[in-house]
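Structure first, then comments.
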Amino acid sequence: MLGRTLREVSAALKQGQITPTELCQKCLSLIKKTKFLNAYITVSEEVALKQAEESEKRYKKGRSLGDLDGIPIAVKDNFSTSGIETTCASNMLKGYVPPFNATVVQKLLDQGAVLMGKTNLDEFAMGSGSTDGAFGPVKNPWSYSKQYREKRKQKPHGENEDSDWLITGGSSGGSAAAVAAFTCFAALGSDTGGSTRNPAAHCGVVGFKPSYGLVSRHGLIPLVNSMDVPGILTRRVDDAAIVLGMLAGHDPKDSTTIQDPVKPFTLSTLTDVSKLCIGIPKEYLAPELSGEVRSFWSKAANLFESEGAKVIEVSLPHTSYSIVCYHVLCTSEVASNMARFDGLEYGHRCDITVSTEAMYAATRREGFNDVVRGRILAGNFFLLKENYENYFIKAQKVRRLIANDFVKVFNSGVDVLLTPTTLRGAAPYLEFIKEDNRTRSAQDDIFTQAVNMAGLPAVSVPVALSNQGLPIGLQFIGRAFCDQQLLKIAKWFEKQVQFPVTQLQELMDDGSSISEIDKLASVSLKH
Amino acid sequence: MWVRATRLGLWSWLGWRRGFTSKADPQGSGRVTAEVIEHLERLALVDFRSQEAVARLEKAIAFADRLRAVDTDGVEPMESVLEDRCLYLRSDSVVEGNCAEELLQNAHQVVEEYFVAPPGMCSPKWLNRLSLSELRI
């Protein structure tokens, strides 16, 4: 049951094949079994069971709220959840319990979703490995998959089998791991520079970044106000579309959400791609790109071409500057956003009482890790009067050039861009930590963050397994506010590639869930 | 007391200076002088505890310097991707609030309905510019 898609399990709930409470308990027990992944910071067991109970009552009366009623979901720990600790994986917010729900969380709960818990991340969503949080790193479930382990047996490995575990990517690594390990059917992440798409690619799940302004950021503890968006992680593109349909729309509490009306939609199936024009940005052919990813990218392009689509090479000339531009804008906005953490009204507070400034300084030293502090300092440097024009304003100008690159390409008739999501498959943790956070982010965000600067929608779809048995994802980038069309194309592509299911047999209940996937045909999908 | 504070201030400033001008970071831009560090510390209220932090900042600046290579003549800065749209303004009516008790629960030091803060830097003791290092008593 846990291996099914959101749509399938929703149908199963409606047909009474399983009750919300049973489903919730299965997920809770799997969460306990997979605790070593460290995907969850907080497991909201009592809350989840209560919500499941209420959902069950609704189903009994035949009054389910919709496709999400009774479905276990997880939320990244930088979304405020009323009554549930929200830490952003930082000492600064340990013990902080928000008095309100983020709009996206509220919307999911209003649809009857069951909140399993808050997932782990890089501290304040800064990082590309989910390794720098106060609660420890997140382990990639694929480190324990049959596919990966079998490949590893061919190579000599150390005595401690667990020392070579892989990172999930970041910063929404916990959410990606939670979905990949079947502990929930959808998870919320956040995406500022690729933080949803990067771990999605490494964990073999779908990671969707909506257009900036489509989904409310109210309650999402901000990193970069002009680039943050809530992201959606699921095992199928269709599931991501269901969740998006519930979340998209204007929010009076977030003035950066657009006012255009958004109706919940059902993703229709694309059968004919011959009218599509796929763009391949030539600057994304980075020298560091692994041969395998490159070959999958090439195969994907050929697939579209063989089905009649027009596949052309396009140019995004300012790509090589996008990482630098992002670095300046991100650190500057971070410097501003982190200023609110002073220990007075919420969060950690140090013991110093000699003066306000001393108290603030010590609180912030104790609360933030090196990565966060480094970014705050760099950001403040770029915002100094003497540097403002040369760094911050300059970066904003470069941002416009980057955004214009995309506009030009889409205006020339391209419907969607096809690019890799990451340079290579998930790295082993011990290798990943050899370089510092900033270097890693600069390397790993290379394909994903230009999209945030332009505010476009993008989705990472798992394509195939590498030679090492690890998932590789490819990214589709769409036009602004054409999220539905983007997902339609991604859904078509997903069907063609048939990405294999993670075989985590030692984690599943009797391995029975794997065989249940074969029984897809027996579940009718009538609504 | 005032005189002692002055001496302390000067001393630590000299200490910082000596520490940072003696090593030349090959990757650094040399822009991070002691004055800049002190200034940033006061602005950010986050301190540079070590050489490592300074080196990190210098690398970040060197990285950012790559932007100079881009020709941005005549280009307007972009603040938001939604610049072509109007922001929505709510009507000025109170629809929520009255949750002082809930909000106060998250603070460590509270007295009645007040958040308690230590004294600000406005007393005569602090008249001299002290670096953050002195404040770590």
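Backbone N, Cα and C atoms are what each Cβ position is placed from, and that goes for glycine too.
Among the features that TrEMBL reports, active site, charge relay system is placed at A:Lys76 (among others). A:Lys76 (active site, charge relay system): 32 other CB atoms within 10 A of its CB, across all protein chains.
Here TrEMBL flags A:Ser171 (among others) as active site, charge relay system. Under 8 Å, Cβ to Cβ, and six or more positions away along its own chain, A:Ser171 (active site, charge relay system) finds A:Leu121, A:Asp122, A:Ala125, A:Met126, A:Gly127, A:Ser128, A:Ser130, A:Ser190, A:Ser195, A:Pro199.
The active site, acyl-ester intermediate annotation in TrEMBL covers A:Ser195. The Cβ neighbour count for A:Ser195 (active site, acyl-ester intermediate), using a 10 Å radius over every protein chain in view, is 38. In the three-state DSSP classification, A:Ser195 (active site, acyl-ester intermediate) falls within coil.
The DSSP breakdown of the domain 'Amidase' (A:25-145), given as helix, strand and coil counts, is 46 helix, 19 strand, 56 coil. Per TrEMBL, domain 'Amidase' is recorded for A:25-145 (among others).
What TrEMBL records for A:167-487 (among others) is domain 'Amidase'. In this model, the domain 'Amidase' (A:167-487) carries an average pLDDT of 93.
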